[in-house]
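The structure appears below as structure tokens.
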Amino acid sequence: MRGLPPAGLPCPVWAVVFCAVLAALACTAPAFADSRTPWPAVALLAVLYLGCELVRICPLPGKRVPEGIGSFFPVLLAAVFLLPPAAAALVALPGGFAQAVVRRPAGVRRVWHAAQQALAAGAAGWTFGLLGGAAPPGSAPVPFAELPHFPYALLPAVAAAAAFCCVLTGLDAGVLAAAERRPLRTAWRGPLGRSLAPHCVHGLAGLMMAVLWRSPYGLPAALLVLLPMYISCWVFARYHRERAAHQATIRALVQAVELKDRYTRGHGERVGQASAMIARELGMDGDRLEVVRIAGILHDVGKLGVPTRLLRKDGPLTPQERRIIELHPEYGHEMVRGIGFLGEARSAILHHHERVDGSGYPYGLTGEQIPVPARVVAVADAFDAMTSTRSYSRARPVPVALAELERCAGAHFDPVMVRALVEAIGRDGWHPVVTADEDELQVIPAGPAPGRAAAPAAAAPDPGGPALSGLPAQGARTRVRTAEPPKGPEPDGGGGT
Amino acid sequence: MRGAVAPAAVVWGVRGAAVLLTLAGLGHTLWNGLVEPGTALAFGALIACGELARRDTRDARHARGPRDARAGDPRDPWGTRDPAAAAPGAADDRQPAPLASAGALAYALLGPDAAEPTHHGVLQIVTVVVAAALAGIVPHIARGRAPAADHLARRVLTVAFAAVCFQPLYNSGRLEDGIGQGPYLVLFLLLLLGLTALCDAVLAAALARARTGWPYGPLLRDELRAQLGIGSAICATGVVMALGVAVAGLWALPVFCPPLLLTQLSFHRITAIRTTYRQTITSLARATEIAGYTRPGHSRRVAALSCAVGRELGLSERELTVLEYAALMHDIGQLSLVDPVRAGATAGLPAAEARRIAALGGEVARQTGVPAEVAVIVERQADPYREQPVLARIVRAVNAYEDLLGGPRHPGGPLAALEQLRLGTGRDYQPEVVECLARVLARGGRDRVVPVPPG
């Protein structure tokens, strides 16, 4: 359903849409020619499908619109099982037109949805008939075709649902391939795998609906099938809403930090993003990846416990002030102690200022003693600190920052993490999350590894000096294997971390 | 506690009735043997599967650590509610095994099987439902997570009710004569299940009242509301399964399982994300404490006491959730201050300053994805009570009580603090809320007000 790109449809997209509409017309035409088309049933099912789609668009009384419900196909699939293919394709049209369209151009999208669903319904009906689901056309009694008995009916029903799903995702993939010149195969496989199972569930519900409709209990019993399906979709949508609310809360935690320390706007989000890139490169996935991402976002949350005056102070900090700021990992750990799902990633918040050589804080852990998430977040934090503007330094180009990280690998950072970041950025590029008033973010497109490309250039600049001033974790402790300390304001003051 | 004896009697009455019914069913079935064993086996398997798929919310809490388990103790007498334990996960709590419930209802309402008449009676239905449920529960017990017995007792009673209403009519043939096998039968079944759901809600509310001691009215309202959601899905599935079996035979059972299973899965995930959400909000609330703006544990104490007062005032569960979030976040605005308020006590501030801080807090709360009402409450917490939303009045009074109680300037203890609030009832605090607070405090004592931190 999300097939079409935002705006300004290119020519191939028009061509695909046009072909789909023509095919849909050809698919529905036989229904008008056939004198045995059960028009009352077609109208009833079409209205029912339209109603289901409208219920999804209109807000329930006193509730918000259930978003993200996905499409609601049991009615359409019931039509596939009850009617000839052409008539089933006809049923799909009004509901397809009425489907919620978020992005513009809305008109084309509606036509596209209608054509797409008509084609899918036609294909499903044809599959169903081919596998013996429907009685041969010659003997089909009006208004409904005879349904086969259980359990034999399951095979054509599931096959029809699978065909429906294949055509839908295939058409989506086609239009995506036309719009973004993506290879058709990759555009098709992902969505197909994800949506096959839900479509089969819808297919079973549609079969149940068709069976009950044909039984003496008739329409009321068939309508009852829709209630559990609808509630299932609704609960699923609510889950998504709750998840979004949770994400917003995590962002609010970070924004509370940014309220105190204006220079770090967007820092948390970007560190989370970079941490996720590293984690993915290291082969983490699913929940673990998500946890590392959130740990990256939240790594500086302990700054909420540091007096605002210190965070906003311009100019050098006294050793005592520095010690207070260096408490922030422990404050942060204390705050997120209660968030159960973070698990091991809580250690990332406590230890993200540790260094591999043991010169970091709060505990001065070395090498393998530092938990893996903490090592990931440390690299991501340093990377973002260098590539964004701070009170004490301007943003540096991404390749220079990566070269700097590689130089400090082994002393400050775990070389494995640094390499992972360099490779991830080399492959996917760096597209930082853009926040409202951020104007100097650097976007690096995917391409040859920038770290490598920049290596000769990065080897040249003066060691230490300004090149280092953006690194985090440059506390009062001795710096190992780096040149003389930077002049000017100490980085750890305003927002070095 | 009002009527402390009656609720216990209710619990034992419900359990006793369920046990008696089960024994009667067992005796009858053993004496006469199973009628149509194939059908009974199929439905039994469905119910057992539904029970197997259940995942009690209490499991999750146990898994997270003993502290949480204590916090979620349902026997906590009067709703000092740990913020992360009770309220809205309840959808999952109420119907932990929707598929098993639906299967049991379908067996109770089963007329013909693939157009062949069936002859199982009420007592056999009870036997099959109990036996299958027990079979499904055994693995849970083996893992040390025995589900609450009350759910099972409730299910036995509601299923018996539905069966008593339907089976004699069907078996005697009077249903066939009166309504026939057509659309009217569907309407009749729906009506019957509506009645059953009503009974279930009444029973559940009575049991909850006995367990918690919370007022009956709001509990019943919450139960009825829950019946509209997952309850209606269960009832509809029950009817569809019964009719589907009547038309297509036992194959209809597996075909119509997935929607309810998916719903159940979504509920589990909702419960999980809600727990996390609460924990995150609590962390956010703790930020003010760590930053030194408020005393340690202040926001959690205010939240717990606010919820107790709200419970006493008869708020619904949704309102309680909103109240809890708002109470947790009520001091969040202080994060925007450059220097902390002395001892964090906003109650002692000049009104204009307190309102400014409240407005800042509303700004932060708006960003957190909580319902919009929460931000409004946080924003209006410092207004005179006549201009406030009801929930904000509770937060204001409880917060003031907490500030007065803990502040170094007020060594007088709870009574002196309450006296101070009563003096302010002309303008700042709603008299009813203050009196309710006094009642809650008188009943529980201060030590009960401190909840265990979640997680």
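Note: Cβ is positioned from N, Cα and C throughout, glycine not excepted.
No curator has checked TrEMBL annotations; they are predicted automatically.
Since we're looking at a predicted model, the values are computed, not measured.
Feature annotations, reproduced from TrEMBL:
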COMPBIAS  A:445-476  compositional bias 'Low complexity'
COMPBIAS  A:481-490  compositional bias 'Basic and acidic residues'
DOMAIN    A:264-386  domain 'HD'
REGION    A:444-497  region 'Disordered'
TRANSMEM  A:12-32  transmembrane segment
TRANSMEM  A:39-57  transmembrane segment
TRANSMEM  A:69-93  transmembrane segment
TRANSMEM  A:114-134  transmembrane segment
TRANSMEM  A:154-179  transmembrane segment
TRANSMEM  A:191-213  transmembrane segment
TRANSMEM  A:219-237  transmembrane segment
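Here the transmembrane segment (A:12-32) touches the transmembrane segment (A:154-179). Their Cβ atoms form 3 or more pairs under 8 Å, with each pair 6 or more residues apart. With a threshold of 8 Å between CB atoms, the same-chain residues lying at least 6 positions outside the transmembrane segment (A:154-179) that come near it are 1-5, 9-10, 12-13, 15-17, 20, 73, 76-77, 80-81, 112, 116-117, 119-121, 123-128, 130-133, 148, 187-188, 191-192, 195-196, 199-200, 202-204, 206-207. Helix, strand and coil residue tallies for the domain 'HD' (A:264-386), in that order: 84 helix, 0 strand, 39 coil [DSSP]. Mean pLDDT across the domain 'HD' (A:264-386) comes to 87 in this model.
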